[in-house]
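What TrEMBL says about this one:
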DOMAIN    220-405  domain 'ABC transmembrane type-1'
TRANSMEM  72-94  transmembrane segment
TRANSMEM  114-143  transmembrane segment
TRANSMEM  164-197  transmembrane segment
TRANSMEM  217-241  transmembrane segment
TRANSMEM  253-275  transmembrane segment
TRANSMEM  287-308  transmembrane segment
TRANSMEM  328-352  transmembrane segment
TRANSMEM  387-408  transmembrane segment
C-alpha cells in the first residue's frame, strides 16, 4: 500500500520515485490539474506534471486531452455529418456507380416529378438517420471505454511513444505541402491550353481561361456580394448574441448553433427551400442571402465567442467610472480591441458563403451563378483549363479576405501596443 505524500517537499522528493507507481500521487496531480480548464492554463498544467516527474506527452494524454475531448464532441460530430452527407465533393470525385446516398437524394430532389421529389426527401431523412446512428454509436463507444481508460490512467505512468507527440508536426507540414502543390497544379493546368498525351509539357500555354473568368463579371459579383452580405450578417448576429447573453448560455445554445453543421446539407436545404417558398423568396437574392446567412452565423459565432467572452470586464468598469456610455465603450474601446477576432470571424463567414453549393442551386433556383456552382458545372465537362481557373478563384477569394483580416488584426494590435499579446 502506498502512502499519500502530504507536504510539498515530500511530494517533490517522491515525484521521481513514486509518480510512476503511486496511484494516490497520480490522482492528486490529476485533481489539481483538473481545475485549470482554460487554454491559457495548459502551460501551468504541463509545468505541474513535469514537476511531478511526468513527460509532456503523458501530461497531454492524462490531463489535458480528457478535458478537451468533451468540448470537441460537437465539432467531431459536425465533421462526421459533413463527411457522411457531402454532395458537391461526391459530384466531382465520385463514385457514381453506386452513388453516395447524399448525391442520390440530391439528384432525386432536382427531378421535376413530385413522386421522385418525395423519394429524395425520404432519402434525405434516411441520411439524417444514418448520421444520427453513427453519432450515437460514437457516443456509446466513448462512454463504454471511459472506465477502461480512466483505470489505465490511474494505473501508473505510461508515456505516449515519442512518435505520437512529434508526429503532429510532420502531419501539419504534409498537409501544408499538399495544399501548396494543389494550388500550384491548379495554376499550371489553368494555363495549359493544349496538352496531349504522352507529352510531359503542354504544347501551348495560354491565358484564355483567365480571360473567360474576367469576362464573367456577374459570377464574381454574385459570389462577392453574397459572401460579404452573409458574412456581415453572421458577425452581427454573433456579436448580438455574445453581447446580450451571459456566458453560460453558450453551452445551452451549442446544440442549436451546431444544428446547421450536424444536419445533413441535403435535408437542411430542402427545408430551406420550403421556407423560401412560403416567404415568396425562392429564386431571389434575398432568399440566397437568408440561406447563406443561416450557414455563416454558426461559424462566425464559433470563431468569435472565445475572444469576445474572454474580454477583460475591467475595461468596461473603467469606462463607466469615467462617465462614458455603453455605446462609446463599444465603439471606442471594445470593438477596436477585438478587431482581430471580428475580422477573423468575418473571413470565416466569407469562406463558408463562397463554398455554398446546395443552397445556391436549390434556393436560388439556378438563377444566380457563383464561382462554386460554375466550378461544379465545369467539373462534368471537358474544359480542363476553365475548371482549374474557377477552382483556383474559389480558393483565392477567401484567401484574400483572410489576408486582409490578418493585416487588419496585426495593424490594430500594433497601434494599440498589443503586439506581444
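Glycine residues also receive a Cβ, built from the backbone N, Cα and C atoms like all the rest.
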Contact between the transmembrane segment (287-308) and the transmembrane segment (114-143) (3 or more Cβ pairs under 8 Å, separation 6+): no
With a cut-off of 8 Å between Cβ atoms, can you find at least three pairs linking the transmembrane segment (328-352) to the transmembrane segment (253-275)? Only pairs 6 or more residues apart in sequence count. no
Under 8 Å for C-beta pairs, could you tell me which stretch among 72-94, 114-143, 253-275, 387-408 has the largest tally with the transmembrane segment (217-241)? 387-408
Most Cβ pairs under 8 Å to the transmembrane segment (164-197), of 72-94, 114-143, 253-275, 387-408, goes to 387-408
Using Cβ distances below 8 Å and needing 3 or more such pairs, separated by at least 6 in sequence, tell me whether the transmembrane segment (72-94) contacts the transmembrane segment (253-275). yes
Spatial neighbours of the transmembrane segment (253-275) not adjacent in sequence (6+ beyond its ends, CB under 8 Å) are 74-75, 77-78, 81-82, 84-87, 102, 105-106, 109, 120-121, 123-125, 127-128, 131, 135, 241, 245, 282, 290-291, 294-295, 298, 301-302, 358-359, 362-363
